[in-house]
Amino acid sequence: MHAKSLTELRAALAAKECSAVELAQLYLKRIDAARDLNAFVHVDADLTLAQAKAADAELARGAGGPLTGVPIAHKDVFVTRGWRSTAGSKMLENYQSPFDATVVARLQAAGMVTLGKTNMDEFAMGSSNENSAFGAVKNPWDTHAVPGGSSGGSSAAVAARLAPAATGTDTGGSIRQPASFAGVTGIKPTYGRVSRYGMIAFASSLDQGGPMAQSASDCALLLNAMAGFDERDSTSLERDDEDFTRHLGQPWTAGSDAARPLAGLRIGLPNEYFGAGLADDVRATIDAALKQYEALGATLVPVSLPKTELSIPVYYVIAPAEASSNLSRFDGVRFGHRAAQYGDLLDMYKKSRAEGFGPEVKRRILVGTYVLSHGYYDAYYLQAQKIRRIIAQDFQEAFKSCDVIMGPASPTVAWDLGAKGDDPVQMYLADIYTLSVSLAGLPGMSVPCGFGAGANAKRPVGLQIIGNYFNEARMLQVADAFQRATDWHKQVPAGV
């Protein structure tokens, strides 16, 4: 039962093969048995089973929708009433929100049952889920490896089938990279598609929530429930409701046939995504996936994204600048960690923040404060914003000759736990293929497409699919066609 997709689980509930309570109990037992992975930071069986009972009551009345009674885990960056909401930080280790984030509320309104809160890099700052105040998360495929970050708890939970789906957030790649490392499917929607209300902020012009699950079809179902305008989020976009499942299983064009369902699809391959720095085993796996797309009828087209290499310095100016402002609210006064001993008010601020924040968060606050300071704002922050606009223009130029862009989600497979902890720059370089997508506000997703080679033979590789603004339904169609022709997304770690 635990290996079933969301659609299969909902069908099992409708057929009375199990109840929502029994399903929740199954996953709670699996979570408890896999505590060594450290994927979850907070589980409350009573709260979960209460939601499951309510879902069973809905189903008994013949009511409910396509997700009623199906369990989900939430990244601990979404505030969730009843559960602690920590953002992976000591600063918020005992914080309980009086309200639900819009994403949480919408999924609960769709009938989903919350299993608990997943581990994450502190305030979503990291690429390995080693920056959490609650300990590192292990990759279920190889427990010596990282699961990616910052949504590493969510990716590990879905990969180990501790939950059929999970929420994540993506600021510079934090859905796509962990999805790649853990062999699951994850999508970052267009910026503004999913409400940020109740999402603990890192970098407000970049943060975006999205689903992580086994397949593109599962992600489409989840996005149906998650997306939509929210007047409480000033960056939320007013658009008509959309069915993200509407193209699944359909031919790309009227001239496509069953053997070549993607005939007419043009896939752009950026030269910059296949150059120096891309590991040989990742390149080989991505090449094999692209050949599969050609077999499905797609055409490969060379494109260029010339400012790709600048996305790292641009991101690491803009994101820390916004973080230094957003995290200024955590001062030990209204909420958050407060130092036990201090002199005056200023001393309390200093000690509370020094004790509450981890080293990576402190590093980014310092960088952000510096680039916003007098004399450096124009040289760094303003210049970064100008290049950000050029990066977005490069994508629009590329989309003139293709429908979607593809490439690796990460230049390597997951690295060993602790391998990059002493070298933050090497950690930052791991996001080179995802950062520009976030800076442009475009939708991007990662789908499992194989594994590394040699010593990395147990470590998954993800194919990144990038679409133009509001093109999620077509991206999901493209990913779904690949998953109908392959079974990479159905493979699970040993023992699962």
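Counting begins at 1 with the first residue displayed.
Each Cβ is built from the backbone N, Cα and C atoms, and glycine gets one as well.
What Swiss-Prot says about this one:
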ACT_SITE  Lys75  active site, charge relay system
ACT_SITE  Ser150  active site, charge relay system
ACT_SITE  Ser174  active site, acyl-ester intermediate
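Swiss-Prot feature annotations superimposed on the structure.
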residue	record	CB count, 10 Å
Lys75	active site, charge relay system	32
Ser150	active site, charge relay system	34
Ser174	active site, acyl-ester intermediate	37
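A distance of 11 Å separates the Cα atom of Lys75 (active site, charge relay system) from that of Ser174 (active site, acyl-ester intermediate). Here the Cα atom of Ser150 (active site, charge relay system) is found 5 Å from that of Ser174 (active site, acyl-ester intermediate).
Following the DSSP three-state reduction, the secondary structure of Lys75 (active site, charge relay system) is strand.
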